[in-house]
Structure formats: structure tokens, C-alpha cells
Amino acid sequence: MFFGEFEYKLDEKGRFPLPPGIRPSMKDGLILAPGTGEKCIYAYPLCEWKKLSESLKSTTVAPSKMRRLNRALFALAFDVNLDAQGRLTLPAPLKSYAGVNIEVIVAGVNNYIEIWDKETWESEKKASQEQAWQIIETLEGN
């Protein structure tokens, strides 16, 4: 399980270290994919990506919608590894998609992490916090 918010700066080669607590889960590799409907990058441990892939295969959604979802997730995904220092290099297409410049936020989101440009994250975090309690109340049936 991933949680927490971590701030980093990209080095001159576009790399940043993943938080030490996250690295062991990513030792076998990770998949980077564009956030669906959000200007961020999703980072899944390989085992979680496989689970997602399998769950999508068994989903009963209209074929045309499923093709679109598969294109959005899989066609633009990258299989990457951390370097010996635990750093991650963001592929240029995903970096551009998420608008990542120098400062990045790594946010733990249960079974995956999200990578955001710092400025974009601040806006999203505020919006998420404002809606979180409303969502919890809905889940609790209040």
C-alpha cells in the first residue's frame, strides 16, 4: 500500500528518486501510464499493472469504450526500471502530458502512485480534500 506526499526536483537528466519506502515494491519494474482524465502520471508496480490488465479483460463495457480505455492506458504506457540509486526517469511523452517541469510530487494512492507537477498537484489536492468528506458520507450512506 502506498501513501504520503513527497516532493522532489528533477535533475538535469530528468530523474528523481522514488521515496525509499516505495522502492522495494518497484524492484521488479514499474509501469508508467498517463493519468486517466487527470494531468498526472500513474506508476504501478508490475504486479498491480497485471491485476489491472486482467480486471479490464473481464469488464463488461461496450467494446468501443473498452478499446478507447485500453488505448488511453496501454498504448501510452512505459515499462521502466529504477536505476541503482533508486531514481526514475520520466519518458518525454508522459512528462509533457502531465506538464512536469522541475518540481514533482509523488503521491501514494493505495495500490499505485501518482506523479504530478507541483503546481498542478496543489490545485488537485485542494479540490480532492474539499470533496473527500462528501464522498465518505456517500460511502457511509449518510
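Please read every residue number as a count from 1 along the shown chain.
Every residue gets a Cβ built from N, Cα and C, even glycine.
Given the structure is predicted, the values throughout are model-derived calculations rather than measurements.
According to Swiss-Prot, the features are:
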type   : residues : note
DOMAIN : 5-48     : domain 'SpoVT-AbrB 1'
DOMAIN : 77-120   : domain 'SpoVT-AbrB 2'
* Going along the chain, which residues at least six beyond the ends of the domain 'SpoVT-AbrB 1' (5-48) come within the CB cut-off of under 8 Å? -> 69, 72-74, 76-83, 85-92, 94-95, 97-108, 111-118, 120-121, 124-125
* Structure fact -> the domain 'SpoVT-AbrB 1' (5-48) resolves under DSSP into 7 helix, 18 strand, 19 coil
